[in-house]
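Taken from TrEMBL as is:
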ACT_SITE  Ser166  active site
DOMAIN    1-55  domain 'Hormone-sensitive lipase N-terminal'
DOMAIN    88-188  domain 'Alpha/beta hydrolase fold-3'
Amino acid sequence: QVKVNRALSVPPVPFDLPLAANHRASVTIAPPSAHIGTAPVQMRLISYDLREGQDSETLLSLSRSEGGAISLSLGLKTKRLPSSPCLLIHFHGGGFVAQTSKSHEPYLKSWSQDLGVPILSVDYSLAPEAPFPRALEECFYAYCWALRNHHLLGWTGEKVCLAGDSAGGNLCVTTSMRAAAFGVRMPDGIV
């Protein structure tokens with residue numbers, strides 16, 4: 001059992017992110033728009049422990065209902081841990097046409113427990129309805145959003161790693177390449 005398993009719907013709003021080489025300068029991160037126009041980006045926050053910010057009103061306002069189980073399990077004696085120095089951002093596999101963060105949830109829960117870090121898994125839009133470059137646009141937007149909003153995700157903003165299998169592995173590399181092209185912070189690691 002994890003303390004946090006929250007489906008999020010992040011509004012498609014542009015925002016500025018500092019450049020890695022010069023923190024006084026910034027670049028605007030536009031919301032994804034390819035093929036299906038602007039739409040919220042879907043993500044899932046999984047955390048074995050409840051950490052600072054993960055029960056904030058701001059994060060709760062981004063939650064989307066999935067029906068069924070409660071997405072935030074808080075007992076009366078749940079204690080809030082300090083923010084983790086690390087975040088793992090996950091891009092699921094499925095050949096760009098199948099799967100979700102929910103289908104990869106069993107191992108993501110284990111990883112969150114074993115690593116002791118929160119995990120943000122991106123539910124990018126799938127082809128054929130949303131072909132390339134839509135998934136990449138959404139994954140890059142989610143990556144940048146996580147950098148800007150680390151205080152909501154239960155991490156300090158110190159270290160971030162990308163992980164993905166199959167199509168998700170491709171998205172890890174291409175998201176990193178896009179971060180380099182935009183001049184924003186690169187991930188500290190890719191798995």
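In case you wondered, yes, glycine gets a Cβ from its N, Cα and C as well.
TrEMBL: automatically predicted annotations, no manual curation.
Each residue of the domain 'Hormone-sensitive lipase N-terminal' (1-55) gets a DSSP state, and the totals for helix, strand and coil are 0 helix, 23 strand, 32 coil. Just so you know, the Cβ of Ser166 (active site) picks up 14 other Cβ atoms within 10 Å once every protein chain is counted. Across the domain 'Alpha/beta hydrolase fold-3' (88-188), DSSP helix (H, G, I), strand (E, B) and coil residues number 46 helix, 19 strand, 36 coil. A mean pLDDT of 97 is what the model gives for the domain 'Alpha/beta hydrolase fold-3' (88-188).
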